[in-house]
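Working notes, beginning with the structure itself.
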Amino acid sequence: MKIGILALQGDVEEHRYALEKAAAELGLSVKVVEVKNAQDLADISTLILTGGESTTIGKLAKAKGLEDNIKKATLPILATCAGLIYLAKEAVDRRVGKTRQSLLGLLDVSVVRNAFGRQRESFQTELEVRGFGKVNAVFIRAPAVVKIGPSVEPLASLRHVDYGEVYAAVRQGSVLATAFHPELTTTAFHKWLIREAKR
């Protein structure tokens, strides 16, 4: 089984480690492929969109011809933090409002970038995530999902001082996205991705 990690920017190694650990815990073997161009998408079973900086990820993916190929691939996807933003149908920035950044539009959600503030406002909290139980969630310059479409299932929410209840984890079919970084604290989400790949 080959699992791809979009490796243009962000926490690629943390996801690789979480994937390999998750596979070992399941008694399975996975090959992790760093996806840096369209050819790297061939033969992968699933894809991870990492955290990092969503505008940079989008620009690089477009420049390398990855964006259209990811849209066409219909792969199970795990997206975290900036990956969630890049996957969204709509994104605005907390400070500057509308942005012209490139988005995949594969997840029917509206996202506010940097919703919880900048780096110094990063935090950790315990969240109850439907289907995953209690998760130690690390939010780093985290986005927030403020609106979901009818086909999107909310998995975890928390209160935001400006936006009220916001979503920190959502699922739409075989696409799972989190505003936090599960790769830093748990293998549960990577196990989900491996199981999706086996379907």
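Glycine too: its Cβ is placed from the backbone N, Cα and C atoms.
Note that the structure is predicted; figures quoted are calculated from it, not measured.
Arg113 is the residue from Arg16, Arg113, Arg171 that Swiss-Prot records in the L-glutamine site together with Gly52, Glu53, Ser54, Ile140, Arg141. Over all protein chains present, the Cβ of Arg113 (L-glutamine binding site) has 23 other Cβ atoms lying within 10 Å. Comparing local CB density within 10 A for the recorded positions Glu53, Glu183, the maximum falls on Glu183. Counting only same-chain residues six or more apart in sequence, the Cβ atoms lying under 8 angstroms from the Cβ of His181 (active site, charge relay system) belong to Asp11, Glu14, Gly51, Thr80, Cys81, Ala137, Val138, Phe139, Ile140. Note on Gly52 (L-glutamine binding site): other Cβ atoms within 10 Å of its Cβ, all shown chains, come to 21. Summary: among the recorded positions (Cys81, Ile140), the fewest other C-beta atoms within 10 A of the C-beta are counted at Ile140. When every Cα pair among Gly52, Glu53, Ser54, Arg113, Ile140, Arg141 is compared, the largest distance found for this L-glutamine site is 13 Å.
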